[in-house]
Amino acid sequence: MEHWNSTLGRGFILMGILNDSGSPGLLCATMTVLYMLALTSNGLLLLVITVDVWLHMPMYLLLRQLSLMDLLFTSVVTPKAIIDFLLSENSISFGGCAFQMFLALTVGGAEDLLLAFMAYDRYVAICYPLNYMVLMRPRVCWLMMVTPWVLASLNALCHTLYTMHFPFCMSRNINHLLCEIPPLLKLACEDASRYELMLYVTGVTFLIPPLVAILASYTLILLTVLHMPSNEGRQKALVTCSSHLTVVGMFYGAATFMYVLPSSLHSPKQDNIISVFYTIVTPALNPLIYSLRNKEVMRALRRVLRKYML
């Protein structure tokens, strides 16, 4: 079978969800609206937390990182998908595919680790409020913000380089919204079963320990909240934690489906739906989930709007 790679000057064709949809125009319009919502809401949250000094606390600094990751994640995928549909041009170069894969893996992996750190932050704030500023001192907070980026980028670089070293068959069609490892490996001419096993191990390593840490943190939080004498304090803690758990459920559900479930359980249509969910829908909903249910963020938003609009 004839092989091809970047030396032949050829790229891939992204056969995303818009090509398989019965109403591609409506779906494209929906994706555009969600992308604009993600840009606006995440950008506004970044601005509010950066400008308002009352939000310069570990919880909100970590939330700012989440907004930045969501903004980057959706921008890596959505604009190209929309423009390709409008121009009827779905091609992506070999280097462009590798770069998109690296960015998506970096931001996705960083968000995975950041959510665990955010759970720890809530655990310390609710279970050890008197020691909060000691346990979450600035140095610890900065480590929590930097560590996900460093570990995720190293992991993404290794996987991107190894995935793109495979020789690919004549078929250039990737049945996916973006360049991601599972659909790309289906085009490899060499046996990739060992690498798929390594990918599974890496996925479990990156997803399961943070998820266990999150569940353990919220179990301890729930036990503490149930013993709170103040009904107002109990309600505030539950609202904050339920927002975080909603985000965790959406992110880890999609990531587990893509990188932990065996490839035999995947289908191009399911993968495309899941990819739309975690690259477009979740980044648009995350800031709304956090801001609309957080009185401090809403008060800060009003302060910033009054300051810059008057």
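Note: Cβ is positioned from N, Cα and C throughout, glycine not excepted.
Going by TrEMBL, these are the annotated features:
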DOMAIN    41-290  domain 'G-protein coupled receptors family 1 profile'
TRANSMEM  33-55  transmembrane segment
TRANSMEM  67-87  transmembrane segment
TRANSMEM  99-120  transmembrane segment
TRANSMEM  140-162  transmembrane segment
TRANSMEM  197-225  transmembrane segment
TRANSMEM  237-261  transmembrane segment
TRANSMEM  273-292  transmembrane segment
Average model confidence [pLDDT] within the domain 'G-protein coupled receptors family 1 profile' (41-290): 86
Chain residues in Cβ proximity to the transmembrane segment (197-225) (below 8 Å; excluding those fewer than six residues from its ends, i.e. six or more beyond): 109, 112-113, 115-116, 119-120, 122-123, 126-127, 155, 159, 181-182, 234, 237-238, 241, 244-245, 248, 252, 255-256, 259-260, 262
